[in-house]
Structure formats: structure tokens, C-alpha cells
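For 338, the entry in Swiss-Prot reads active site, nucleophile. For 443, the entry in Swiss-Prot reads active site. If you look up Swiss-Prot, you'll see 257-451 marked as domain 'GATase cobBQ-type'.
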């Protein structure tokens, strides 16, 4: 098998990322050399690659589904929104500009060249390249500058599968309409459809799928069921709805639950940090946006932000800032990560991200943050709570810690020996702990299993949850691998494999009809 295809969607969050991840895992299990690709992503959930670049977290997950180390090749252009109108532009893993729509147009020729070069390189190296679109190709107002949907498909002659989310309703109209509004040469690349998140008896849907095939001349390759047990790293903030749970809580090992309230910041970044907590039996994690929701939580997490000063102002306006201060004063557990850590310091000086200058923080931690370029992008390893830790840093802020004690020791080397043996390297103190609060710049910290267990025991003790017991064997990596295998099983079972292989190897069939709006 050799080829490439593009998985597009009728909307954002239709399921493009998970379908690509499932296909990647399915093909990798068969021994196919497969790689993911997303030409341009817009997301504040990102990871750091081994070579110090930054890519969307969804592409990192897809890479792991393929058995590959995440690389900037898989996501050469990343836009990180800092406001409704401006985003940080990351090219081949490095921030190069902060752009609005007009500024972005200046870069488009160079970006097309970057995208074309990376995709050509991957197609030469791998048997199959599975590309993911962005948003929806039906956003025809953006067609002239499109890098990730039909612009990519046309440039690289890629067949396209369109995914629609039936759980939101109107999926048949979405699928038909997506094709119908495209220009004729784009329509000719649409090879088929996938219906995602279906609940119930699929036979009841078949008449609609048959009619869709009559109207469009294109088949539906499969109907993927709504799998409540399936949850994977969120690509963007659409999955972080206030009052919504994270993952699916599992019954506690002991007699008590540990409840976690994760603050849903308006410009939240790396929201996936809390998913490691949700892997633990007896830990229930929920997104919150009101101060009243903090009262009953055993632990509050303040995650990262792409607009630290703006989100700090939001904490103050909503009363969450004062509620956080009161928690810490009372000795009740709070974990602040990256931007959240900076907000809880005494002072922020920001001439880089927001241009706001000097801003007072919430004063929980005795530290000052000054934003500077270039951005810190690094993988780290170290020790915390007597256990090895691994993670990564993505931030402009440089902190000066004064009175608070650090609680981590780190080294800027992802594979360094840190366990005290004769090859161990010296560690640099990192983070702050004071009262009931811990702060750190390190994302992914809670995925270090031994550290997470030891730290949760301390959190439970401080919260008075003496009946809470940490499971002795929870592995975040194993949970994620199991989720990818479950997803691959669903894709393998419910998608027409023969049709998929034909599209991959032969491209979109010739002679597909061109639809016109209003056609019936």
C-alpha cells in the first residue's frame, strides 16, 4: 500500500483528528510505514519536539499512533491565538511573527513553499501519509489563502474524505453542503464520507446515506459509533467546556474520591495537562469558570494561557482570583502551571505577548515574571516528590523566584540520568511551593506516573481525603496507547477497508459528478 489522502471535516471538532489517529494506528499495526501531516493548525495545545520545535498536540498524538517521535515535519505551520484577532505564527516549530489576517497574507507564499516541501519529503519517506484538514473546506471565504484543506488537496493531488459529526445533528446536510459549495475542481477530489459519533441502530440511518450517495455520487465509507469510553488529547479549546468532566471517572480504589476543579481560562493553552489526573481511579476532574465551583474541590488547577495578562484580568473580574488567594491562605491545594503560575506571582512585565507593560499578579507566589524573546522551548527531565519527572516548557516568561521554596529539580536534557547514580547530572531548582499552592512552568509533569502518585497522596492528605488511595499501577502512556488501539479497532471494524485502500492508492475516482447549490 502506498499513497496519501486528506481527511477534512464539515466543521471544527467533527472528528478529523481522531479519525486520522485511528487510521494511523490501524495501518501502523499492519506494518505500514505511515506518517501524519497537518499543513496548518490553529491550536494552543502544543508540545515540544526533541529538536526544540513546537507542534500541535493532535499531530504529536498521531505521530505516536504511528510509532514515531513527534516532529515539526508533521505540522509545519501552527497558529496560536492570543486574542480574537491576532495569533502567534509558528513555522517549522519556531515562532516567527504575531499576525492578524492582513499580516498573515504577507506570509502565504512562503508558507505554501514550506508546506509543499514538508509534504513531499514525507511522501518520499513513508508508504502512506495521512493528512488532516483544518476547520472545514466549506469556509469558501478562506479558499484563496487555504493551506490545509482543498488548497493542499489540489496542490498535492490528494483524494479527500469528509467527516461529519452526527451527534450535533444535520450531518447529511453538512456533508452534502460541504461538497456543493466547493468549486468544481475541488469537488472532483472528494472521494467519500465518514459519519462520526453515531448512537443507535445504523440501519435507521441507511436510507439517508443511500440518498446522500444518489445526490453526490459518493459513498459513505463507514459510520463510526459514539464511544463514551474513548477520550484522547484535545486539539483545541472546543473540548474544554465549563462544568464538563474531563475523561470518564473510574471508581476509587479506596473509600473516597478526590475532586479536581480545572479553571477554564478564556485563552487556555495545554489544557491537556489535567488529563493525566483524569486517568487515575477515584479522581474526578471538571472544568469550572465560576468561583463558587472551587469551594467543594479538593484540588484546583490553573492551567497555561496564551494570553497571560488578559486571563489574569479575567480571573480578577470573575472573582476567581480572590477565591484562589483564599484557598491558598487556608492551605487548600492549588496547582498552577506555566501561565497560571505566572498569574499567581507578584508581578508580570509583558512587552512581548500583550504589550501591557507592568501588571500586578495575584501575589500567591513570591516571584516576578518578565516576558522576553525568544520563546523557551525545551524538553526537561528531573526529580520531584522523590520520583523522576519528564515534561516540556513553552513560555516567554522568565521568572525570578524570591522567598518560596522550589519543589522540582530539572535539567535541560530529555534523557539525562537524574536518579542519583554515578552518572546523574546536577539539577536546577524549579517551581514554587507556598501554603497550599504549587507552581511550575513544566507541562506534561503529571504524566510521570511515580511522581503523580506521590504528589496526589500529599494533595489528598492536605485535603483531608484520608479514604482516598492512589492506584499502584496507573500508567498514562498505557492508557493513551489503549485509547489509540480502541480507536484503531473502531476504524478497522466500521470503515470499508477495500474502499479506503482503493482511495489511498488510486486517488479519487474519475467522473465524479459536480454539484450545484440548489440541486436536488
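Glycine residues also receive a Cβ, built from the backbone N, Cα and C atoms like all the rest.
Within 10 Å of the Cβ of residue 338 (active site, nucleophile) there are 24 other Cβ atoms, across all protein chains. Cα of residue 338 (active site, nucleophile) to Cα of the residue listed as 'active site': a span of 7 Å.
Looking only at the domain 'GATase cobBQ-type' (257-451), the predicted model's pLDDT averages out at 92. Secondary structure at residue 338 (active site, nucleophile), as computed by DSSP, is coil. The number of other CB atoms found within 10 A of the CB of the residue listed as 'active site', across every protein chain shown, is 26.
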